[in-house]
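Structure, as structure tokens:
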Amino acid sequence: MTKAAPGHEELEPQELSAQEPDTQEEFDAAQPGEIDSQMADFAAEFGLSDLPEPEAIEMPETDPEFRAGFACLVGRPNAGKSTLTNALVGTKVAITSMRPQTTRHNVRGVVNLPKAQLVLVDTPGLHRPRTLLGKRLNDMVRETLADVDVVAFCIPADEKIGPGDRFIARDLADLRAPVVAVVTKADKVSKKALAMQLLAVQELGQWAQIVPVSAVGGIQVNTLAEVLSSYLPHGPQLYPTGEITDEPRDVMIAELVREAALEGVRDELPHSLAVVVDEVMDPEVDEGAYKGGGKLQVRVSLVVERDSQKAIIIGKGGSRLKHVGMRSRREIEAYLGRKIYLDLHVRTAKDWQQDPKQLGKLGF
């Protein structure tokens with residue numbers, strides 16, 4: 001018997017069973033059935049037998065012909081990149097608006113094909129920046145272009161090629177990745193006008209292929225997915241089956257609120273509006289959360305640059321902010337799959353688009 005320290009109970013050393021391997025050599029020599037039996041005894045002794053099995057991530061066996069990689073959608077503001085991203089993925093992963101420069105960060109959407117997994121990166125529109133925010137967004141796009149396997153250059157069919165398109169075409173000419181020119185909004189023009197635009201796009205640069213599409217009409221969307229995936233490297237899929245985006249929850253919530261707030265606003269206000277999620281509390285796990293109804297409590301700030309813009313967002317008697325809350329709450333509840341209590345606040349951060357400190361706080 002081992003002598004215990006004063007005040008402690010003396011314990012007899014446990015005898016090892018003759019069947020239990022005591023050294024690494026004995027463990028290696030043991031039969032699999034013996035090891036399984038000993039592990040089962042161990043689990044029972046320590047109360048681990050009833051623990052649930054970890055959920056397996058469904059990843060198919062590697063097919064030597066399978067392709068997987070990243071495709072970047074690039075173009076000037078309002079070229080239809082986000083709408084096309086949603087159409088390719090088959091569901092909403094990026095907000096859309098008639099206002100240019102709606103997208104302010106890279107949005108990833110996953111397209112699962114029989115022989116490929118195409119990860120789309122929807123980027124902010126490349127433009128000649130007038131603010132520090134615009135410069136940072138352009139830098140983000142150029143960094144993304146350097147890391148993808150194929151680029152989709154989106155050019156709308158219903159607008160003549162202009163300085164913005166030529167500006168981007170010059171940037172893309174030096175890329176190592178193949179560039180597919182995608183003529184978007186093909187349903188908005190006649191066949192003759194579309195043919196003229198395709199010729200103009202052909203003269204704009206050297207493209208791997210040119211593909212006309214309509215995201216809204218579903219025209220050639222699947223064809224574009226196959227074309228882009230043909231330029232991906234061979235390899236296993238990058239995301240589990242069924243996953244359609246890696247967008248963080250709070251970022252998606254903020255984007256859905258911003259999408260609702262952009263509806264009906266004019267002039268410079270769309271560019272001056274930022275949205276950030278301040279807090280998300282779940283009454284099922286957070287002690288400080290209000291328990292009534294079991295709703296997820298979401299607190300969001302809408303940030304503008306001037307007090308006059310704040311008044312526009314709020315509206316007369318708070319009517320416009322109420323409309324923003326109603327519309328965005330429906331979208332957020334559909335996204336989360338549960339009811340929420342949405343608390344919206346509007347605040348002013350003077351000239352935040354030019355302020356490095358404010359840009360950092362807002363995630364830029």
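Each residue, glycine too, has its Cβ placed from N, Cα and C.
Feature annotation (TrEMBL): of 184-187, 232-235, 336-339, the stretch labelled region 'G4' is 184-187.
TrEMBL tags one of the stretches 122-125, 162-165 as region 'G3', and that stretch is 122-125. Each residue in the domain 'KH type-2' (265-350) gets a DSSP state, and the totals come to 36 helix, 26 strand, 24 coil.
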